[in-house]
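If you check TrEMBL, you get these features:
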type     : residues                       : note
ACT_SITE : 105                            : active site, electrophile
ACT_SITE : 177                            : active site, proton acceptor
BINDING  : 15, 16, 17, 183, 223, 244, 245 : substrate binding site
Ligand SMILES: O=C(CO)COP(=O)(O)O
């Protein structure tokens, strides 16, 4: 497919998962803010995705210091409001200034039994509140070994995008996260990442049109580090990364954000 166009600004998003209380979150964002300079933000969107309990603190710091760091949530309720104990609505997250909401992360699919219908409802709830969903797809090791990884990811994509309009799809971020590469240190090869990201882009063109496929950002996630990001970003259809473990280390995450300075 065509190389990344200026309309696809790379996105480096740090998914902190269940790490960092609100005080630790402030310290981490402060360290990142100290290292990242204005030209970094011209080249790449940088986002942190803390636990819910830290979002308000991150917002306060980012607002007070006028930082160009974006932020979001790791999950969002499919419901708008009401008797859903423990849930957080998209409107609540929008009110906190969140840009993104991750939906369909494999850890939610695996440990919280979220299927494509739930993931789709969450994506639509996020879009309705003007949040940008980061819709995660990815295959487990068995599926990869059986050679079914592309079909598996495209089925998750189709399910996740049900009833989502072209305008909404254009601003949705898709993240390809092979489950076998998450937290294992076993990063997908750049070719593995490109194969699935390209297939996702082709599917977006089929489901919508070439404009949506050209504009939607597709991230890779799974053991991304400073040492492998440059090769991943050199792939035509990889527009950024959803980073887990390495996003907890400000030095490593800043290196990832500055992948252009690293040798390919
Ligand atoms: O799940 C991930 C990001 O959402 C990836 O996690 P790791 O970078 O720790 O492998």
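Each Cβ is built from the backbone N, Cα and C atoms, and glycine gets one as well.
Everything TrEMBL records as a feature, shown here on the structure.
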residue	record	Cβ neighbours (10 Å)
15	substrate binding site	28
16	substrate binding site	21
17	substrate binding site	19
105	active site, electrophile	27
177	active site, proton acceptor	28
183	substrate binding site	12
223	substrate binding site	20
244	substrate binding site	22
245	substrate binding site	18
- Query: residue 16 (substrate binding site) to residue 177 (active site, proton acceptor): how many Å between their Cα atoms?
  - Reply: 15
- Message: Please list, in sequence order, every residue of the chain apart from 15, 16, 17, 183, 223, 244, 245 whose Cβ lies within 8 Å of the Cβ centroid of the substrate site.
- Response: 182, 243, 246, 247, 248
- Task: Using DSSP with the three-state reduction, classify residue 105 (active site, electrophile) as helix, strand or coil.
- Result: coil
- Item | substrate binding residues 15, 16, 17, 183, 223, 244, 245: largest Cα-Cα distance, in Å and rounded to whole number | 14
- How far is it from residue 223 (substrate binding site) to the residue listed as 'active site, electrophile', counting Cα to Cα, in Å? 15
- Task: Based on DSSP, name the secondary structure state of residue 177 (active site, proton acceptor): helix, strand or coil.
- Result: coil
- What three-state class does DSSP give residue 15 (substrate binding site)? strand
